[in-house]
Structures are given as structure tokens and as C-alpha cells.
Amino acid sequence: MKWFNTLSHNRWLEQETDRIFDFGKNSVVPTGFGWLGNKGQIKEEMGTHLWITARMLHVYSVAAAMGRPGAYSLVDHGIKAMNGALRDKKYGGWYACVNDEGVVDASKQGYQHFFALLGAASAVTTGHPEARKLLDYTIEIIEKYFWSEEEQMCLESWDEAFSKTEEYRGGNANMHAVEAFLIVYDVTHDKKWLDRAIRVASVIIHDVARNNHYRVNEHFDTQWNPLPDYNKDNPAHRFRAFGGTPGHWIEWGRLMLHIHAALEARCEQPPAWLLEDAKGLFNATVRDAWAPDGADGIVYTVDWEGKPVVRERVRWPIVEAMGTAYALYTVTGDRQYETWYQTWWEYCIKYLMDYENGSWWQELDADNKVTTKVWDGKQDIYHLLHCLVIPRIPLAPGMAPAVAAGLLDINAK
């Protein structure tokens, strides 16, 4: 049974994409885009986070490129928010979180700033007159504070004044840096961003994870030595969970295939390890995380022996798994990846997609019942595009540039 690159399946993906776009519109608040609850309501107590606002700027840049009326206004709102309350006019960069009364968290987080970079780069594809200026400023901040020339890797975080950096290096922030760097490369054509993406992937995946059965280390010291026991006493941490986070493993796999495709588009021979490691990451996720306790779903975390730690099934890992399945099929032609893609869609239809309240449930327990152990509410819609739009575009250029270039469904029949 064939789904990939068929017009009939892509039409279904498009319908679901529009449903998700409509749900996300509820997140508009004066300071940016807010945290959505399970019924699409704003959770005012959560404040306005940079990472959500920047991701929604990216999302509606894609929607604008798809020709969705109203999306450009949301891009405009996102750019104004990035230049408004979230932006630190004194020290530069962006606060982690604000609300209507002022700054909630003044720290400068790499994870969040890399989404600012993604959002700004995606906005450039809409032709918004302020987008390139925002991107140039964001690049300046990234170059100055978050890219280490000495380490040739990304730093994790700073205090408000950019005077003290954290004695910690994070795989999650560096992964999203790779994602953003690829889009910056697409819109600027400056190859250093592609080179940086390759460098980061080579360290975290090819040098470390490959030698750890593709169980990706998330936490490192300042010398890039893994910290395997980090947060062992707080295993369900939203951003720094203990052990391995299989959703990140498989997400890394897709990013490496985007690098692979970007090199091919330059008529350069990609290193063989990009594809080999992408396969390894996919296989490790299936091996350790898919239904390890008898119930379907991808568990949130595992230990270093591959045993489940946090058994909740969070939404984004399986979404990323479907995007990576498509990417691997595109590169290899191996039908097993389409079979997994179909299996995972059946799971999502059965358990995750919420047609009554909108969007998808963010988290299920080990019995696939809705819960809030790790996440509360439905936050944003960013990850969902990775199973709804990625299967409709080439692997290079990246999402917003590809859609803006008219490449949506270019291979569909």
C-alpha cells in the first residue's frame, strides 16, 4: 500500500494541516504567542515564551507560503512580538519569558534563541519587509553569544546581561541549532551555516551516539564529555530529561538527511556516515522506544540499557518519527519506512488526534490515556508540521524555503 508522494494522501495531510493552523490561531496574545491549553484556551499563568512565539512565527511563515489567508498577519504579529516585549533592549537578545506585567524569566537561553533564528529565517521567505532585519539581528546575537568559535559548537545559556554562561552543554539546544542553521543557509546561501550543522551533528551523533548504540547523550560538560547521570533525580524534566530521549534520536536522523540533501544539491558527495547514522538512530528508536512495555507508543525516555524510564507517550516523538520515516524512504527507497509511517499514523488517529477540542493531545500515559505528567496543555503546533508538511516536500531546501519556492507536492502523482 503506497502513501508517500500520492496526491490522495497529500490532500489528507493538507486538510489536517489546515485544521492545525486554525487551532494555532488561538494562541495570539499581545506579547506574542501564548501557551495553549487542551481546549485551545490561553493558559495565562504560563506567560509568553520566546520558544513558542518564535516557533509560531516559523509555523505561520510556512502557512503564508502555502497561501493561507490570514497567515501573513500572524507573521507580522510574530515579528512585532520579537521586536517588542520579548526583546531585551538593554543587553540584547531575548528574554526567555514575559507576561503582560513584564519580564518573568530574564535568562538568555540557547534553545530559545535558536528558535528565534528559525522563526526569523522562515519569515524571510514571506517577503515581510522587517524579516531580513530581524534575521540579521538574530544572526548577530547567535554569532556573538551562542556559537563558540573555540569549541565549534553551541553554548547553552547566559544570564540576563550576557556576562556569565552556564557550565553545561546541551544536545537539545545544539539539535535545534542544526535545524535553524539549515534554514539560515537556505535563505542566505552562506555555506558556513551548513558547515556548522555538519560539525554539530558529527560531534553529538557520529562521535558520541554512534558509539553508544545510538542512544543519544543529551547532557555534556564544557569539554563535551557526556554526563550520563544528569537529572537522574528529575527524570521527567521537560527540556533536560535523564537518560535518552528517543524522540530526539529520530529527530536527529531527519536533520542529518536534510544535511545530506543540502550537500547533494550543491553537487557535493555527502559523507556516508550521514545516512548510516540516520538509519542507526531510526533503528535504535524502534528497538528501545516503540511499545517496549506492550502498549503501542514511543516512550518519553529510556536509560542507558534501553529500558523505559518515563513511560508517558508524548506527542512530538511520534510526529518526528513519521517525518524521519519519510526522509529515509526518500533517500533509500526502502518500503519498511513507509510501513512504519503508516503504522504510526494509525496510532495517532486512534490515540492522539483530538477532533473534539482541536489539535492533538500532547501526552498519554502508559495505557494511552490523556495525562499531564510531563506537559500541561497543547502548547503550540510546531512539531506537527514535521509529519504534515515534510512528507510533501523535498529534503532540501528546508520547509519554509521549499514551500515558498513552489516545491509543495512536486513529487506527488
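Each residue's number is its place along the chain shown, starting with 1.
Just so you know, glycine gets a Cβ as well, placed from its N, Cα and C.
Within 10 Å of the C-beta of His383 (6-sulfo-beta-D-quinovose binding site) we count 23 further C-beta atoms, all protein chains included. Annotation comment: Swiss-Prot describes Arg55, Tyr111, Asn172, His176, Arg238, Glu251, Gln362, Gln379, His383 as 6-sulfo-beta-D-quinovose binding site.
For His248 (active site, proton donor/acceptor), the same-chain residues lying six or more positions away in sequence with a CB closer than 8 A to its CB are Gly171, Asn172, Met175, Val216, Glu218. According to Swiss-Prot, the feature active site, proton donor/acceptor maps to His248 (among others).
Summarising the annotation, Swiss-Prot assigns active site, proton donor/acceptor to His383 (among others) and lists sequence analysis as the type of evidence.
The binding-site residues under consideration are Arg55, Arg238. Their Cβ neighbour counts within 10 Å are lowest for Arg238. Using a 10 Å radius centred on the Cβ of Gln362 (6-sulfo-beta-D-quinovose binding site) and all shown protein chains, the other Cβ atoms total 24. Following the DSSP three-state reduction, the secondary structure of Gln362 (6-sulfo-beta-D-quinovose binding site) is coil.
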